[in-house]
Amino acid sequence: MSTPHPVILVVNAGSSSVKVSIYVVPDAAHENVDIQPSLAAHGQIEGIGVAPRLVARMADGREVTDQKFPVEQVPDHDAAFRLIRLTLSVALRDTPPVAIGHRVVHGGSDFADAVRIDDAVIAKLQKLVPLAPLHQPHNLTAIRAIRGAAPDLLQVACFDTAFHVGRDELAQLMALPYEYYEQGVRRYGFHGLSYAYIARRLKQVAPDLAEGRVIVAHLGNGASLCAMRGGKSVDSTMGLTALDGMPMGTRCGSIDPGAVLYLAAQGMSTDAIQSMLYGQSGLKGISGISSDMRALLASDSPRAKLAVDYYAYRAAQEIGKLAVTLGGLDALVFTAGVGANSPDIRARICAHLTDLFGISLDPTANGDSCQRVSRDASRVPVLVLPTDEEGMIALSTARILRESGGL
Ligand code: ADP
């Protein structure tokens, strides 16, 4: 009987959901760092502590389970993680994982790449909690829960910030007294796993463009843009926290900091301001209807239209800003839920860019979300590349597993 291939779990613990994917490491990946582990199964629990629902599927789409649970049974992330793992291990006939790769939102300035997790790493990540209050605590809960249950199992942290480490000081500064910058109050940038994946993908599909000045628009529930030169981050729209930049599903994006002071002076508590800026703003705040782009595009409400118009306007403005940083633009890439799937939003954003950049979309290619959605005559090519943050985590985890002699 042949030995089963090694299995890696990828854990993405969000504020009210936990996603776990199982990847299988093929033989070729034991030698070659560029061979991507293949997805075998995926499970996620949403509505933890409110209305838990577990959905798990094999990679070919076969459903393993789709179940709702009473809140008492899945009150927290710990319980959610155990439940998913149990479900998926049954689906995979209980092959134990050889490593776990975690998505960790904030790695500060210390981590320019994925890292093996030990006590010192956990202590550093704990210190960064105030910079990502909605995400980092859940990332750490998952790490600690696994460490408690299997102390010797290799765990790897893959950071949303790492891709942006090493940018010029100008891209990291905010015009506060300089000692705050030295203390770490600086612009870090996020969605780095997605950008690292897209940089890698662009090199495969359009190596000539990948060498040049590229702006990637990651438009999902969270949204940001990244300016890359030769596949490296030069600047991005997110800052100290994942609130900055363009408006998102529920987050405000850049606002006048004076608005926060004004609200505080009116008696609004820090907690209330925080929950408004992270959870009640952006598309949801302006429309008063939903944070979901599909719902807004389907709505007749004038405020839904206003929210979508503002979103496209601000995204285009940020593209202009990043193009200044790059000193020009050789390609624009759209990715993530909205970016990869919404011809309408791509068209609205690009309409703002026609005069300045000579961008012109091909309506048929854009309507079909083809890989290249611009006309041949477009001065700047526009591409659509679906992202794969979890695949990127699996790749980095396999690399560290290999480096530590585990493959
Ligand atoms: P997350 O940031 O949580 O990973 P996604 O990248 O999956 O989110 O993006 C979710 C967003 O993508 C939602 O606003 C959803 O409405 C939007 N979206 C997905 N498909 C489409 C589509 N065909 N048209 C417009 N928006 C879409």
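Just so it is clear, glycine is given a Cβ too, placed from its N, Cα and C backbone atoms.
Here is what TrEMBL records for this protein:
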BINDING   Asn12, Glu389  Mg(2+) binding site
BINDING   Lys19, His218, Leu219, Gly220, Asn221, Gly222, Asp292, Met293, Arg294  ATP binding site
BINDING   Arg103  substrate binding site
ACT_SITE  Asp160  active site, proton donor/acceptor
SITE      His191  site 'Transition state stabilizer'
SITE      Arg251  site 'Transition state stabilizer'
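Sequence features annotated in TrEMBL and their locations in the structure.
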residue: Asn12; record: Mg(2+) binding site; CB count, 10 Å: 23
residue: Lys19; record: ATP binding site; CB count, 10 Å: 19
residue: Arg103; record: substrate binding site; CB count, 10 Å: 22
residue: Asp160; record: active site, proton donor/acceptor; CB count, 10 Å: 28
residue: Leu219; record: ATP binding site; CB count, 10 Å: 27
residue: Asn221; record: ATP binding site; CB count, 10 Å: 17
residue: Arg251; record: site 'Transition state stabilizer'; CB count, 10 Å: 27
residue: Asp292; record: ATP binding site; CB count, 10 Å: 16
residue: Arg294; record: ATP binding site; CB count, 10 Å: 12
residue: Glu389; record: Mg(2+) binding site; CB count, 10 Å: 22
Request  = Starting from the Cβ of His191 (site 'Transition state stabilizer'), draw a 10 Å sphere and report how many other Cβ atoms land inside it.
outcome  = 30
Request  = Could you list, ordered by sequence, which of these recorded positions: Lys19, Arg103, His191, Leu219, Arg251, Glu389, have a Cβ under 6 Å from ligand 1?
outcome  = none
Remark   = Simplified to three states, DSSP reports Asp160 (active site, proton donor/acceptor) as coil
Inquiry  = How many Å separate the two farthest-apart Cα atoms among the ATP-binding residues Lys19, His218, Leu219, Gly220, Asn221, Gly222, Asp292, Met293, Arg294?
reply    = 22
Query = Based on Cα coordinates, which of the following recorded positions are within 10 Å of Arg103 (substrate binding site): Leu219, Asn221, Arg251, Asp292, Arg294?
reply = none
Local backbone state of Arg251 (site 'Transition state stabilizer'), from DSSP in three classes = coil
Inquiry  = Just to verify a number: CA distance, Asp292 (ATP binding site) to Asn12 (Mg(2+) binding site), in angstrom, no decimals.
reply    = 21
Message = Can you tell me which of the recorded positions His191, Asn221, Arg251, Arg294, Glu389 is spatially closest to the residue listed as 'active site, proton donor/acceptor'? Compare CA atoms only.
response = His191
Task = Using DSSP with the three-state reduction, classify Arg103 (substrate binding site) as helix, strand or coil.
result = strand
